[in-house]
């Protein structure tokens with residue numbers, strides 16, 4: 001029999017998943033029902049919550065499995081707040097749940113500290129790369145998040161849709177305020193994903209051309225998920241976000257988990273494909289762009305963008321755009337991506 005203490009802790013967990021997680025509490029009962037019995041929930045650990053419809057239906061075999069994550073960088077607060085509100089509305093019954101759902105708050109210790117990360121960028125430690133930094137405080141969390149995603153998708157109905165939406169905000173401004181990054185899988189992007197991104201009013205999509213170590217790369221490659229990383233605006237402290245700026249993406253996530261149909265004939269995002277990157281060779285790296293240059297700023301052929309000892313990066317296409325320029329990364333890491341517009345050919349090849 002559930003005690004009143006268990007019930008109060010469950011209410012606190014579900015009513016404000018963010019606040020509950022920041023306290024470091026663990027619920028005395030780790031599973032239960034909510035939404036007037038319509039939803040089952042299970043607490044899987046710090047910042048990890050699974051929810052699914054309680055009623056067994058014939059449609060269960062086609063029920064989608066959706067992982068929605070935020071806070072992989074601990075200071076990217078707006079998506080974390082949106083995800084906590086999503087849990088609240090599902091638990092209260094204000095929003096129906098039509099899928100298996102795994103909610104993930106990523107780097108919880110960094111969230112508590114108000115930092116991007118403590119030792120290492122968590123979003124570069126997936127697909128086993130955490131084994132290279134065993135002393136990092138982020139390494140155990142990467143291991144835990146990989147295991148949680150793998151177990152969640154392993155239990156998915158065969159043939160049913162699998163999604164992973166990883167929500168972030170960016171350090172710097174962007175020519176396209178809200179954009180998405182799709183992991184490289186060796187297959188053309190899907191029209192299903194592009195139409196969902198269009199419904200979310202995502203202005204641009206960046207296509208990776210090599211495997212990476214991000215959370216969405218992991219779930220796409222190892223779990224077979226339709227996965228994307230969303231960049232939804234600027235980093236701000238908890239409580240200082242204008243969440244109305246995130247409304248289209250929030251609505252699209254809510255449609256996905258509630259089984260609602262997206263808007264028809266939405267404009268598809270522009271598409272940019274990675275053609276090179278600036279890799280920091282040493283602490284002597286010079287990036288010849290303004291410190292506050294916006295993501296997707298364009299540069300003409302012949303422009304020298306970086307120099308590091310004998311290494312120099314010069315624009316070789318008529319126009320290249322820089323994304324995520326960051327000269328302060330550790331040597332050996334990416335200090336910027338270079339992309340070109342490939343909208344026409346990408347949209348023509350959608351599957």
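Glycine is treated like the rest: Cβ placed from N, Cα and C.
These numbers come from a predicted model, not from an experiment.
What Swiss-Prot annotates here:
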BINDING   73, 76, 168  Zn(2+) binding site
ACT_SITE  231  active site
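Overlay of Swiss-Prot feature records on the structure.
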| residue | record | Cβ neighbours (10 Å) |
| --- | --- | --- |
| 73 | Zn(2+) binding site | 24 |
| 76 | Zn(2+) binding site | 26 |
| 168 | Zn(2+) binding site | 25 |
| 231 | active site | 25 |
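Geometry remark: residue 73 (Zn(2+) binding site) versus residue 231 (active site), CA distance 12 Å. Other than 73, 76, 168, the residues of this chain whose Cβ falls within 8 Å of the Cβ centroid of the Zn(2+) site are, in sequence order, 70, 71, 72, 74, 75, 79, 116, 123, 167, 169, 170, 235.
Residue 168 (Zn(2+) binding site) sits 5 Å from residue 231 (active site), taking the C-alpha atoms as the reference points. Counting only the Cα atoms, the space from residue 76 (Zn(2+) binding site) to residue 231 (active site) is about 10 angstrom.
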